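As recorded in Swiss-Prot:
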BINDING   ARG48, ARG54  NADP(+) binding site
BINDING   ARG125, SER126, SER127, ASN238, ALA239, GLY278, LYS293, PRO294, THR295, SER296, SER297, ARG319  FMN binding site
Amino acid sequence: MSGNTLGSLFRVTNFGESHGPAIGCVVDGCPPGLPLDAADIQRELDRRRPGTSRHVTQRQEADQVEILSGVYEGVTTGTPIGLLIRNIDARSKDYSNIADTFRPGHADYSYWKKFGQRDPRGGGRSSARLTAPTVAAGAIAKKWLAQQHGTIVRGYMSQLGPIEIPFVSWDEVPNNPFYAPNAAIVPELEAYMDALRRDGDSIGARIEVVAEHLPAGWGEPIYDRLDADIAHAMMGLNAVKGVSIGAGFGSITQRGSEHGDEITPDGFLSNHAGGVLGGISTGQPVTVSLAIKPTSSIRVERRSVNRAGEPVNVQTLGRHDPCVGIRATPIAEALLALVLIDHALRHRGQCG
C-alpha cells in the first residue's frame, strides 16, 4: 500500500531520506547460491555516485555499501539481503530558505498535500538520492541474470536537451561522464552544460536501456505484462516523464507493413516491438527509452506559494544536478534488471 516495494518474487523495499543517517533497501527473494560480495554492488554504485564530474551535483558521497544480511561466506543464502548506504555529506542548512515554500516542478507540494508534512532537507523521501539503493539491488539482479541466462543490461544517453547523440559504439559509453556512445560529441555536451550551470538553470535528457540475450517467454499477461511492469518501474525513477518500448511513439507514423516485425527461420528481421509482444518477451533485445525532465531545484528565481498559500519567489541554493539524466543511465539499467529477474523467477515458478 505504501509504494516502497518493487517486484513480486524478487522484492526490493527501499527506505531512507536524502539527509537522514542512511538509506538502503531489503532484497527479499534472491535465489540462494549466488556468489556475491560488496565489490559486486560497489561497482554499480560508483557509476551512479555524485560528485564525479563538474556536470553533476558536488555532494560528496562515497556511497559505500554495507551488506547486513542474506550473504554468508560470499554466497547468498536465500534469506533477505539488507543493504545500507550511510549519508556523510548532507548540508541541511542549504534548505532553510525553502522549508516553508514549494519549488515549482518539485514534489514538495504534492508530498505536503498527501501527508500534511514534509522533510524539506534535500527533498527528503522524494530525492534522487534514494536511487542509490535501487542501483545496489539492481547489481544483484544483473549478476544473477548474467550467470543464469547470459542476459546483459546496459544503457546510454541519446539526447541532452536539444543535442541529439548519434550512437557510435558501446565502447564509448563508460569513457565520459554523460554515458554518451559517441566520443566526438562530448565537447559539445560539456560546453552546453557549462553554459547551463552559469545560467543557474537545468535541462532534461533521453536515456536508452537495452537488455540482450534473454529468452522468450518472460511476462505475465494480461495485467502483469513485461512491458507494463517495465514502464511501471521506470516511472518510479525520479524525473521520468515518459517511457516508450521499442518504436514507442514512432509507431504512430508506421504502417502495419513496416511496424510488424517479420519472422524468418533465422529469426526476426526487425525489432519495432522492442522485444515484447503481448506482454511476453520474444527473445529479441528489450529496448526502453526514457524522457527525463529538467531538475526543479534551480537558481533561477520563480513564482510559487508558501504553506500559508501566500505568493513567494523561490530560488534554490545548495548542490543539485543541473541534469539528472547524466546519472540516470545506471539507475535505469538497475530498474530494468529488477523487472527482468522478477519475471524470470515468476516464469520459472509457473512454467519450470
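Glycine too: its Cβ is placed from the backbone N, Cα and C atoms.
Here the C-alpha separation of ARG54 (NADP(+) binding site) and ARG125 (FMN binding site) works out to 25 Å.
Most Cβ neighbours within 10 Å among the binding-site residues ARG48, ARG54, ARG125: this distinction goes to ARG48. When the Cα atoms are compared, ARG48 (NADP(+) binding site) and SER297 (FMN binding site) turn out to be 19 Å apart.
For the binding-site residues listed here (SER127, THR295, SER297), the lowest count of other CB atoms within 10 A around the CB belongs to SER127. Fewest Cβ neighbours within 10 Å among the binding-site residues ALA239, LYS293: that distinction goes to LYS293.
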